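Lifted from TrEMBL, the feature list:
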DOMAIN    10-116  domain 'Cadherin'
DOMAIN    117-224  domain 'Cadherin'
DOMAIN    234-339  domain 'Cadherin'
DOMAIN    340-447  domain 'Cadherin'
DOMAIN    462-552  domain 'Cadherin'
REGION    608-641  region 'Disordered'
TRANSMEM  555-582  transmembrane segment
Amino acid sequence: HEAPRRVKRAWVIPPISVSENHKRIPHLLVQIKSDKQQPGGVVYSIKGPGVDEEPLGIFSIDKFSGKVFLNAMLDREENDRYRLRAFALDLGGVTLEDPTDLEIIVVDQNDNRPLFRQDVFTGRVVEGAEPGTCVMTVDATDADDPDTDNAALRYSILEQGAAGMFSINATTGEICTARPGLDRETMGVYNLTVQAADMSGDGLTTTAMAVIYLEDINDNPPEFTKEEFSMEVEEQAIGVDVGKVFVHDKDLAGSPSWLAKFTILEGDPEGVFAIRTDPHTNDGVLSVVKPLDHEVRDRFELTVSVQNERPLEPSVPASPRALATVRVRVRDVNEAPVFRENPRRISVLEGTPPGTPITTYTASDPDTHQIQTLTYALLYDPADWLQLDPHSGTVRTKRELLHPAPFLQGGWYIALLLARDDAEPPLSATGTLSIEILEVNDHAPQLQPPTGVLCGRPGRGGTLLLGATDDDRPPHGAPFHFQLSPQHPQLARNWSIARFNVTHAVLAVLAELPEGPYSLPLLLRDSGTPPREQQQQLNVSVCHCGRDGTCLDGALAAATAGAGITLGALMIILGSTILLLAQRCPSKPLPAPQDAYDINQLRHPELFSPRAKPPLRRDAPLSSGTPMAPRKLPSSPSDIEDFINEGLEAADSDPSVPPYDTALIYDYEGSGSVASPLSSIVSSLTDEDQDYDYLSEWGPRFRRLADLYG
């Protein structure tokens, strides 16, 4: 290995400094030499940035003398140094010296002004802030060498107005309040011109704007623009705005510190008015919330106060609430008439003659301060029953009021009256007249039916159930009173009438009468006030009596007599039912009637007439036929059992009678029956002292009969 060769001092080149922006070009920077130099025998060259690399052509060298030249102006902010390599060769291109470094340092000059990061800086601070309250920081940069004064910046405020409310830190650029007294209402925005200078404030400078906004606080209470306000409103108006009261607040419009709140302190004990805040103008809007009446009160004097929604800042001196007087005049307008009693209810007797005054129905005019005349007219009179005086309001009957009528509703007749004033334009009101048509007892009860058939033998079949109807409504109808005509006292020897219920009575024969027609004058009286009575004829046919107390031709008589049925026949049917039930269960107590029993069999005896068409029996066997009728009565008690068995078999197979186990009619009750004798029911019909309470013991099917006949 070769020993390291010693680099000769002349070939080591120290760094070369050159100022940026050097204007004398070309400029000799340095001359390099090789000690191996022979006259005209060494060739020098340099390589690197600024020579053969970008940026090209800044540096050059004289290849024979070794002088290095600057050929262009340098900018330190673009390149602060250049590192080149120097070479020494002989004329044959053989290296004489190892390459050496050549460093060129660009020396800074103060050729760059400071630059603020933005043209306008914005900050905010509340009004009234204490001195020393920092608002914002402005900052700038300088492209010069930061290690020199060329980039040493200092800040200052060039302009902010005469007050000098703000200061700036020269080194950091922080802006703070300098003195008290910031008032947004006096000055809401401050515009500051700030400056940055290099060379520690003595070099190049630049400026920017600093805009400081003062934020509002509630330091000003609202105030009325004047002490008194006058308004007017029409009476009867409701839900309308009367007017505005105007206020002024120095605080920021639209902020909570500006928004006003109004209160009515005095002058409105009934709460007729309300006041609200207009959110756009901050004024108070007075409105009517209850109807006003000019005749009751024609003016109001209100005391209104105003304050902010948000309370004042504690630092603000206390002050009383602002007050104003609001005078409201109530303007009179035409008001419609009023029926104070609506509806008017009256009672009128039916049959009231035409032209009878029944009431005076008038309205009143609320406009007591105006002279007006009211007139009246019938607006609704469906039956054309009424006539009305247009000036006095007196209502009279136009025709006789009758009951019932198609226009009555539950006994009430409804009419409508119209009251109208003579103002311009006229106003009207409608009143309802409700007339109760009171029932009058103007009808006597009518005998229904006026004919009947009964047996002429006392005690057994010699009774007839009488009924009556009345066209009057309660309480002028039932209970009815039946009696033989007092003008014919001889009738009482053969006939008697006893009450059966409130609408019926029982006519009974007291002595055996021959067959034939009889005409009995009866007196019927209702329970009205006063009662009405009328004498009517009852046509009775006395028939030939059978052994059981019924007419032998009873079926035919009943059919010709209409709906009448003798009470004796009714009792025989009932007794036969009990007998049949007893025979079906001889070893047990008398059972209650079956649920299938149809009481209509007793109410409609015509179904048992041989002439009636037998109804289709749905439960009868297909092979069943119609039994022979009438059946022959037994000749002796020993034949009774066979008689009943035959009747039972006939009942089970007869499609013309009700279903199995229902009542049949028997001629003879027989002997040995566990049921009580039935003769007492029929034989004592005229005895009002007879006790029929035992009927209620026969089950629920007989309770109605017990109630009616007991």
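From the backbone N, Cα and C atoms, a Cβ is placed for every residue, glycine too.
What you see is a predicted model, and the numbers here were worked out from it, not measured in a lab.
Helix, strand and coil counts from DSSP across the domain 'Cadherin' (234-339) read 0 helix, 46 strand, 60 coil.
Across 10-116, 117-224, 462-552, stretch 462-552 shows the highest tally of CB pairs under 8 A with the domain 'Cadherin' (340-447).
At the 8 Å Cβ cutoff, the domain 'Cadherin' (234-339) and the domain 'Cadherin' (117-224) share at least 3 close pairs (sequence separation 6 or more) and count as touching.
Assigned with DSSP, the residues of the domain 'Cadherin' (462-552) fall into helix, strand and coil as follows: 5 helix, 45 strand, 41 coil. Each residue in the domain 'Cadherin' (10-116) gets a DSSP state, and the totals come to 2 helix, 49 strand, 56 coil. DSSP labels the residues of the domain 'Cadherin' (117-224) in these numbers: 6 helix, 48 strand, 54 coil.
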